[in-house]
């Protein structure tokens, strides 16, 4: 990916511009819009705050709303409460590393202010890198530079934008996941497995990504069936499948074991500041050293399953209540997008889907030549991944999180709109590239297609208006609502 080519430079410029605008708008909304008094996790501040801390809170406080407060609390105090274990350690560890780099400022800023600055800087970096890795991945999978470019530009205006900037783990997870996918497309299975494992340490849905490794290994196995020793190849396949599953699930298993040592083994209690103990008493939070929680006696003592069930009421169809209709409406656009993408792909490649994308290489290459872009056969496994996430999220999770859940986990959310823009938007069939200074002879730099469409909004096709309208509305509305504790989670 390095050095950057003209397309990547344009993606980088647009990503940086969008990140700066995002931070500016959240600060503005945080100042001019009064905070809603939400029933959210709000631990007491243990250290006094000075005038500089108050300035940082005013400028960056919008990044600490809702679940972000959990990540900041864990980074500052560790996993003190049982429900903290719903949030995986990858992002808090990254924040701690960020605050170490800010050590020269620690005489001026409190620990919390350093963490807020780390959130702003790190998620700025992670989201920009995620855009670049998505562009790189698109070039490898789609075999259509234009669609890869459009998708990366759309990622910069992601409907999940506010969660890529706030103190959430989505930006880091997207960067690691897209990087792992790119390494796998290059045939670097070990590097891909390591990155998928790191992603699992950031978010639990990283576990689903093991499917990419398994599918890649099965595809390699079926392409080598003509060899003289199929039994040896089968044994090798089984070993590879088991190793991949163990590698990707290891961070999850270690995190569950750490929770078990804290709550289920004697002598695990440690000193907790009195104000935080009082908060546990007032709110009913469980801390280590109290009565043994019920999950400790389970045959498979997984704290994560217990927390999702008891604290967040996550389970099959539990969210299907009349009062949740507004949240279902919030999740409708991304749901329609993924379902439409799935239908388009399946109806185009029914045989490929029936064979689970395990066609012989010769057939696959023929399909690639006839269907570049989103309809490339390489997209199959990514589409299955997106469909599985949508199915699980729609049936078992709080559906309003589907936008950020899918927007940080699957490139399909960006590849399919890019496919629609290329095929349905006449404006993009005209001049799509412009000369750029310092560009080698014979190479032209792509122009910012998103800005071109926005400048010519009235001339855009209905499909383009729907896509950009959805992306921009959620991009802006998420900032306005989320940063002031209004219902956008």
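Here the Cβ of each residue, glycine as well, is placed from N, Cα and C on the backbone.
If you look up TrEMBL, you'll see 85-102 (among others) marked as transmembrane segment. Remote same-chain residues near the transmembrane segment (85-102) are listed as 67, 70-72, 74-75, 79, 109, 111, 114-115, 117-119, 121-122, 167-169, 172-173, 198-204, 251, 255, 259, 303-304, 307-308, 311-312 (criterion: CB distance under 8 Å, separation of at least six residues from the stretch ends).
The transmembrane segment feature in TrEMBL is assigned to 114-135 (among others). For the transmembrane segment (114-135), the residues of the chain that approach it from at least six positions outside its boundaries are 1, 4, 7-8, 11-12, 14-16, 19, 23, 56-57, 60-61, 63-64, 68, 72, 75-76, 94-95, 98-99, 101-102, 105-106, 148-149, 151-152, 155-156, 164-168, 171-172, 174-175, 178-179, 182, 411, 414, judged by C-beta separation under 8 angstroms.
The feature transmembrane segment is assigned by TrEMBL to 147-178 (among others). Outside the transmembrane segment (147-178) by six or more residues, the chain places 7, 10-11, 14-15, 18-19, 22-23, 26, 62-65, 67-69, 71-72, 87-88, 90-91, 94-95, 115-116, 119-120, 122-124, 126-127, 129-139, 195-196, 198-199, 202-203, 206, 209, 333-334, 373-374, 403-404, 407-409, 411, 413-415, 417-419, 421-422, 428, 446, 448-450, 467-468, 470-472, 474-475, 478-479, 482-483, 488 with a CB less than 8 A from a CB of the stretch.
Among the features that TrEMBL reports, transmembrane segment is placed at 190-214 (among others). Within its own chain, the transmembrane segment (190-214) is flanked in space by residues 88-91, 169-170, 172-173, 176-177, 179-181, 183-184, 241, 244-245, 247-252, 255, 304, 381, 384-385, 388-389, 405, 408-409, which lie at least six positions past its ends and keep a Cβ under 8 Å from the stretch.
As annotated by TrEMBL, transmembrane segment applies to 234-255 (among others).
Feature annotation from TrEMBL assigns transmembrane segment to 328-346 (among others).
Away from its own ends, the transmembrane segment (379-399) comes close to residues 141-142, 181, 205, 208-209, 211-212, 215-216, 312, 314-319, 324, 327-328, 330-331, 335, 338-339, 341-342, 345, 349, 352-353, 356-357, 405-406, 409-413, 415, 489 of its chain (Cβ-Cβ under 8 Å, at least six residues beyond either end). What TrEMBL lists as transmembrane segment is 379-399 (among others).
Through the fold, the transmembrane segment (467-488) approaches residues 22, 25-26, 29-30, 33-38, 40, 62-63, 65-66, 154, 157-163, 166, 333, 400, 403, 417, 420-421, 450, 453-454, 457, 460 of its own chain, all at least 6 residues removed from its boundaries and within a Cβ separation under 8 Å. Sequence annotations record features per position, and here TrEMBL assigns transmembrane segment to 467-488 (among others).
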Beyond the flanks of the transmembrane segment (234-255) by 6 or more, those residues with Cβ under 8 Å of it: 85, 88-90, 189, 193-194, 196-198, 200-201, 204, 206-207, 209-210, 213-214, 217-218, 221, 304
